[in-house]
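Colleague: Here it is, the structure, as structure tokens.
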Amino acid sequence: MGSDKEVRLKKEIGLLEGVSIIVGIIIGSGIFISPKGVLEEANSVGLTLLVWILTGLLSMIGAVCYAELGTTILRSGGDYAYIYESFGPLPAFLFLWDANVVFVPTSNAIMGLTFAKYVVQPFFPTACLPDYSVRLIAAAAILFLTFLNCYDVRITTRVQNVFLVAKIAGLLTVIIAGIVYLLQGNTGNFENPWAGTQTEPGSVAVCFYSGIFSYAGWNYLNFMTEELKDPYRNLPRAIYISLPLVTSIYVLANVGYLAVMTRPEMLASDAIAVTFGNKILGVFAFLMPLFVALSTFGGLSVHIMTSSRLLFTGSRNGQFPRFLSLISTSRSTPTPALVFLSILSLFYLTTSDIITLIEYSSFVESSFIMLTISGMIWLRYKKPNLNRPIKVHIAIPIIFLLLCAFLVFLPVYVRPFECGMAVLITLSGIPFYAIFNGNKSPTLRKLTLKATRLVQKIFLSLPEHHDSEPEEILPAKS
């Protein structure tokens, strides 16, 4: 075992890999699930397309804000590091708690279930999918990709580049087929596009949740800042390239879906892309489940990789058990954090109700994004002299904050149970904060030390430094 300085996460992510990570994690399962949820709540073609455009713009505004945060507070961990810097350890811990208990493993479960459903769907075209088979395939995918991420970061990023081609190919197939279908004069689905439009504000906010889920991941490269080559240049560049590209693809893909499929057909389908392919692609219909399965598999891989860095950073700062911040000396990967998150992800496979999982995780994640942007505005006042290589106009985070508030508070009236449970889970983290961050009893310290030693022996990880007092997150240089 060497010193702390000898075992670190390596800077192996350049601009191309950064773009691949953002596009790869955004274009995962969402665009093949959420069109159904958006249309169901919007109740019209016009509002459906408007939601996809606006959620893309919302993500781009948020990404610009995160470009400033990521180049000002140059640490891995994304929202966790920014909330810690702005508001201190307790709010940061509650974000860490919710991330690792709710929306990270939930997102992994959603992607795993989507992958499994598209793998199984071709074998059961007219029957209900076997639920337990779907869950087992999802579990196998999560375990395999966790192993791959533990094995080597470079191999994982190269594999993601390959899957990125499949993602784009699948969506281009939808876009081209839909446009050709429209040019043939099949425009009936776009007549009276605003008929039946949902106008109740709470329902519109819930409608936005499904769209937001499809864009989720635009801020995940910030989780890996310490592994990014030249982050001052590559972080904002990767964001500015990725978000406009994804928004354009998403809007055009939904035009393709809505051109070919009627509203009843979309709402009745558990695998929209498969139904789309069966209706219009003829003998090439088999391509759609293949493209979607590869896309979702690649998205799951990059989500497992990036989200593990969040847990790693929080544990390194002493807010979670220290053994979760250890790094494999032979692979330079945060193996304990990866394994821990995979176990939690498997727990969420006890349900296969994807739409409920989306609404549940989106509310929690949107709430903390709102808190992060509040912290950005607060830092402008609290520390005006911080070095900000990228400094956006103050109106941009204020507008984004107001939009986030709309999306967080209005759904409380429409989905009170889901929102209430999310709040309870967040508050349940306070006792654990007291345990992990307070004055630990000698017994607890001994148990933590023994657990860390055991994990070190299993994964050949970092030595004595991680048994010492928690390392504070360093403030950004002024």
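Cβ atoms here come from the backbone N, Cα and C positions, even for glycine.
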Colleague: Looking at 12-33, 452-473, I want to know which stretch TrEMBL calls transmembrane segment.
Modeller: 12-33
Colleague: Sequence-remote contacts (6 or more beyond its ends) of the transmembrane segment (280-302), Cβ cut-off under 8 Å?
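Modeller: That would be 20-21, 24-29, 32, 108, 111-112, 114-115, 118-119, 121-122, 141-142, 145, 148-149, 156, 159-160, 162-164, 166-167, 169-170, 173-174, 177, 181, 217, 220, 260, 271, 273-274.
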Colleague: The transmembrane segment (360-381): which same-chain residues, six or more beyond its ends, come within Cβ distance under 8 Å?
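Modeller: That would be 62, 65-66, 68-69, 72, 79, 82-83, 85-87, 91, 95, 98-99, 102-103, 106-107, 110, 209-210, 212-213, 216, 219, 394, 397-398, 400-401, 404-405, 407-408, 411, 415, 418-419, 421-422, 425-426.
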Colleague: Cβ under 8 Å to the transmembrane segment (163-183), counting only same-chain residues 6 or more beyond its ends: which ones?
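Modeller: Same-chain contacts beyond the ends: 20, 23-24, 27-28, 31, 190, 249, 252-253, 255-260, 273, 276-277, 280-281, 287-288, 290-292, 294-295, 297-299, 301.
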Colleague: Does the transmembrane segment (323-348) make contact with the transmembrane segment (132-151) through 3 or more Cβ pairs under 8 Å, each pair 6 or more apart in sequence?
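Modeller: Touching, yes - the transmembrane segment (323-348) and the transmembrane segment (132-151) meet the threshold of 3 or more Cβ pairs under 8 Å.
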Colleague: Could you tell me what the rest of the chain brings near the transmembrane segment (132-151), counting residues at least six beyond its ends with Cβ under 8 Å?
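Modeller: The answer is 108-109, 112-113, 115-117, 119-120, 159, 297, 300-301, 304-305, 308, 328, 331, 333, 335, 338-339, 341-342, 345-346, 349, 352.
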